[in-house]
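Over in Swiss-Prot, the protein carries these features:
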DISULFID  Cys51-Cys66  disulfide bond
DISULFID  Cys58-Cys75  disulfide bond
DISULFID  Cys65-Cys88  disulfide bond
DISULFID  Cys77-Cys86  disulfide bond
DISULFID  Cys115-Cys130  disulfide bond
DISULFID  Cys122-Cys139  disulfide bond
DISULFID  Cys129-Cys157  disulfide bond
DISULFID  Cys141-Cys155  disulfide bond
MOD_RES   Trp181  tryptophan amide
REGION    51-141  region '2 X approximate repeats with cysteine pattern C-C-CC-C-C'
REGION    164-177  region 'Predicted alpha-helix'
REPEAT    51-77  repeat 'Domain 1'
REPEAT    115-141  repeat 'Domain 2'
SIGNAL    1-20  signal peptide
Amino acid sequence: MKFSLFFSVFFLAVLHACLSESEIDLEDEEHFMSSDSFLSEIQDESRGKTCIERNKECTNDRHGCCRGKIFKDKCTCVKNGKTEKCVCTQKKWAKIIESYIGDIPALPKPVDDKCVPKHADCSKRKDDCCKGGIFKYQCKCYDMYDDDGEKTDLCGCVSPVEHQAIEGALRIAKKLIGDRWGR
């Protein structure tokens, strides 16, 4: 019980830290990155250095592998007698996650700053669904056939099953933690 309680509190703390960042925080970070600081000088220096592509030799520069879509590739070394050969590779778990997530596109701006509410027709604006709870709703379309056999699309903004499961688990964890501490 202590183990699960510890990890649920830790998960909620990390989730709160991720979700609590506002636009003001982002503006402060942009200002800090543009200022003449030690960190920005280091980043400028590291940008000038070329990275080693995947499946290329990295024996002389083990920390110089390029990034994938999300994660940085790792320099994997193999000893053959007295010689050691190193190659930039992508870890198996990183490959699985990147293939599942795919490219991370920027969220499109809604038309007229109004989003499509939950269960409303989104056939003309598939990328403009509103945000509900933690996640943004997604436009889901179904093929409908009328009495004449003509096919039409029925589209609506809905919450995917995996998002519903995560939000439900967080609600239960909140309730358990609140009941445990008398809140």
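Any Cβ shown, glycine's included, is placed from N, Cα and C.
Owing to the predicted nature of the structure, the values given are computational and were not obtained by experimental measurement.
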Residue numbers, six or more beyond the limits of the region 'Predicted alpha-helix' (164-177), whose CB comes under 8 Å of its CB atoms: 5, 8-9, 11-12, 15, 133-135, 183
Spatial neighbours of the repeat 'Domain 1' (51-77) far in sequence, C-beta under 8 Å, 6+ residues away: 84-91, 94-95, 97-98, 101-104
Of the disulfide-bonded residues listed as Cys58, Cys77, Cys129, Cys130, the one whose CA lies nearest the CA of Cys141 (disulfide bond): Cys129
Those disulfide-bonded residues, out of Cys51, Cys77, Cys86, Cys129, Cys155, Cys157, that come within 10 angstroms of Cys65 (disulfide bond) at the Cα: Cys51
Spatial neighbours of Cys66 (disulfide bond) among the disulfide-bonded residues Cys88, Cys129, Cys157 [C-alpha, 10 Å]: Cys88
Distance [Cα-Cα, Å, rounded] between Cys139 (disulfide bond) and Cys157 (disulfide bond): 4
Rounded distance in angstrom between the Cα atoms of Cys129 (disulfide bond) and Cys115 (disulfide bond): 5
Between Cys130 (disulfide bond) and Cys157 (disulfide bond), the C-alpha gap once rounded to whole angstrom: 8
Sparsest-packed among the disulfide-bonded residues, when each Cβ's other Cβ atoms within 10 Å are tallied, from Cys65, Cys66, Cys75, Cys157: Cys66
Taken over the repeat 'Domain 1' (51-77), the model's mean pLDDT: 86
Neighbour count (Cβ, 10 Å) for Cys141 (disulfide bond): 12
